[in-house]
Amino acid sequence: MGDAGSERSKAPSLPPRCPCGFWGSSKTMNLCSKCFADFQKKQPDDDSTPSTSNSQSDLFSEETTSDNNNTSVTTPTLSPSQQSLPTELNVTSPSTEECGPCTDTAHVSLITPTKRSCGADSQSENEASPVKRPRLVENPERPEESGRSKQKSRRRCFQCQTKLELVQQELGSCRCGYVFCMLHRLPEQHDCTFDHMGRGREEAIMKMVKLDRKVGRSCQRIGEGCS
């Protein structure tokens, strides 16, 4: 009676676990019902049942062999894919090598027109540049070079020989090199040999406002420049 009471006082222990993961039983050699049935089918009727330790070791060995077989089966499946990769690379590599010179020729063909266009632009600019540049006017003829005689005294008018003051000498000096009085200082009054109209055109061209090439391409709001 004392032994029975001590056994009842003990906590219930967990059943043994089968190698497959399910709960086993001591009656079925610590195996689940399915594993125990498979084990009985494999064992012949005449042979005696082995011990529990041997059965467990056999099950573990079978599981390890099955795992090894699975790994051996899966490994060959990867090898063909790995072997196919170099073949694909070998197939694609000639295409890239063949396309290499094609791309070089394409680059050359694309670059050559740009060089020609730059040359054409430079020629057009050189042709247009003389039009924009002002014409050079020859130096005015000196009194010595022209058929007219040299003025002896700058204190008197070259046309009427009237005496001139200092202010009249400064105001009456002409670009042809002679000094005239107030009555003959205009070019029409003393038959001036200097090309005043050509000089005026030249000065107008020099003072002309040159338009910037960027005009019309940039956007600017009205009133931004004033702020």
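Positions of Cβ are set from backbone N, Cα and C atoms, glycine also.
Annotated features, as they stand in Swiss-Prot:
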ZN_FING   12-44  zinc finger
BINDING   CYS18, CYS20, CYS32, CYS35  Zn(2+) 1 binding site
REGION    41-99  region 'Disordered'
COMPBIAS  49-59  compositional bias 'Low complexity'
COMPBIAS  66-77  compositional bias 'Low complexity'
COMPBIAS  78-96  compositional bias 'Polar residues'
COMPBIAS  113-127  compositional bias 'Polar residues'
REGION    113-151  region 'Disordered'
COMPBIAS  135-148  compositional bias 'Basic and acidic residues'
ZN_FING   151-200  zinc finger
BINDING   CYS157, CYS160, CYS181, HIS184  Zn(2+) 2 binding site
BINDING   CYS174, CYS176, HIS190, CYS192  Zn(2+) 3 binding site
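Sequence-distant neighbours of CYS174 (Zn(2+) 3 binding site) (same chain, six or more apart, CB under 8 Å from its CB) are PHE180, ARG185, PRO187, HIS190, CYS192, PHE194, listed in sequence order. Looking only at Cα atoms, CYS18 (Zn(2+) 1 binding site) sits nearest to CYS176 among the binding-site residues CYS157, CYS176, CYS181. The two recorded residues, CYS157 (Zn(2+) 2 binding site) and CYS20 (Zn(2+) 1 binding site), show a Cα separation of 138 Å. Of the chain residues outside the Zn(2+) 2 site list CYS157, CYS160, CYS181, HIS184, PHE158, GLN159, GLN161, THR162, GLY172, PHE180, MET182, LEU183, ARG185, HIS190 have their Cβ within 8 Å of the site's Cβ mean position.
Take the CB of CYS192 (Zn(2+) 3 binding site) and look out to 10 A: across all protein chains shown you find 18 other CB atoms.
Listed in sequence order, the residues PRO19, GLY21, PHE22, GLY24, LEU31, SER33, LYS34, PHE36 complete the 8 Å Cβ shell around the Zn(2+) 1 site centroid, once CYS18, CYS20, CYS32, CYS35 themselves are left out. Annotation for the binding-site residues CYS20, CYS32, CYS35, CYS176, CYS181: lowest Cβ count within 10 Å of the residue's own Cβ, CYS20.
Mean pLDDT across the zinc finger (151-200) comes to 83 in this model. Residues CYS174, CYS176, HIS190, CYS192 make up the record's Zn(2+) 3 site, and a Cβ search at 8 Å around their centroid adds ARG175, GLY177, TYR178, PHE180, PRO187, ASP191, THR193, PHE194 from the same chain. In three-state terms derived from DSSP, CYS35 (Zn(2+) 1 binding site) belongs to a helical segment. Under DSSP, the residues of the zinc finger (151-200) split into helix, strand and coil as follows: 12 helix, 4 strand, 34 coil.
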